[in-house]
Ligand code: CP3
């Protein structure tokens, strides 16, 4: 499948894109994971009579919900309203998103036959998403980027194998370790679906993409490298020629930042546990070791993160202090040459009970730092 570059609009001075490529942004860019969602009354209103996964296949709703936080908070990017399980749903996997719980899969994958029977997704099955992207691009201005995304194979596999959200991911790890060959077969089934999902969004015109490996932090680095990294690397390579920033994110990945950076993104997302300057040193050391003789500049990536979402409940004084700390840690990493830029974000998603007024205030503070 060729990525159609003709649909891509020309952004002008988009701070997120400039930061991702190590140019000087006109202001410090910010967006928030889960900026669209239950923290917003206008979201709860439009979603009140429609199920989460149904809304993801309605281009009008998808565009409206994606735009809500952009209108309200003046963030520098919209993130496509969708979910990591959308390509699975589009392919016909029997699953639902249960409110307050997350994705639940009717028939968890346990044996070779189950994995064999996992369907592939065709780009046509994602047509409503592409249509929604077209509507969103018509509403954004030329400095606001639209970020597309997909779940990484490990995180998707965890839902498929466990059958739902998991505290310990024990069935997923059991599959890896008891039957590595079958694990790799599962990864080889999921990886093309992720690539199709991302390429459908890229063809429709998104300006950047993020790969969410939310639960990768449950793995040892050794297992991550052996069972996961090859597939995430394949995904980043498959979308490299789109020429748009690629972001890689997971939670609790302090010990994996270097390995995740080796998958090939321009930007590494960092959760709140590791200061951004420490994260940048880890990333750079890993990339330098993995690519001996590489241009030292190429081993410095852009950073995305990493305010603790709970700080949005801590009052304006604490909010300002923590934002300043995050910004100065990012700036230190850039000054030392260990990072090329900074995109402000939370260390994970906006919590549903967050006061949206505090999110708007956070954006103002970030833009003035
Ligand atoms: O604003 C945005 O960030 C864009 C939308 C977005 C959603 N899901 C919407 C959503 C994104 C980027 C995702 C990705 C996603 N989905 C991830 C990776 C990001 C992360 O949080 O680590 C994961 C692990 C999922 C799986 C998933 N879907 C979970 C854990 C949940 C939450 C369950 C709950 O109710 O708390 C969902 C449902 C979901 N996806 C909601 C939203 C807004 C809540 C649905 C609702 O409003 O009822």
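Including glycine, each Cβ sits where the backbone N, Cα and C put it.
Residues or ranges marked as domain 'Uroporphyrinogen decarboxylase (URO-D)' by TrEMBL: 29-38, 147-163. Residues annotated as substrate binding site in TrEMBL: 34, 35, 36, 37, 38, 83, 159, 214, 348. Per TrEMBL, site 'Transition state stabilizer' is recorded for 83.
Everything TrEMBL records as a feature, shown here on the structure.
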{"residue": "34", "record": "substrate binding site", "DSSP (3 states)": "coil"}
{"residue": "83", "record": "site 'Transition state stabilizer'", "DSSP (3 states)": "coil"}
{"residue": "159", "record": "substrate binding site", "DSSP (3 states)": "helix"}
{"residue": "348", "record": "substrate binding site", "DSSP (3 states)": "coil"}
Given the binding-site residues 34, 38, 348, which one is most crowded in terms of C-beta atoms within 10 angstroms? 348
Can you grab the distance from residue 348 (substrate binding site) over to residue 83 (site 'Transition state stabilizer')? Cα atoms, rounded to a whole Å. 15
How far apart, in Å, are the two Cα atoms that lie farthest from each other among 34, 35, 36, 37, 38, 83, 159, 214, 348, the residues recorded as binding substrate? 23
Around the Cβ of residue 83 (site 'Transition state stabilizer'), the count of other Cβ atoms that are within 10 Å: 19
Go through the recorded positions 34, 38, 83, 159 and pull out the ones with a Cβ less than 6 angstroms from some atom of ligand 1. 34, 38, 83
With Cβ-Cβ distance below 8 Å and at least 6 positions apart along the chain, what are the contacts of residue 36 (substrate binding site)? List them in sequence order. 43, 65, 66, 68, 69, 79, 81
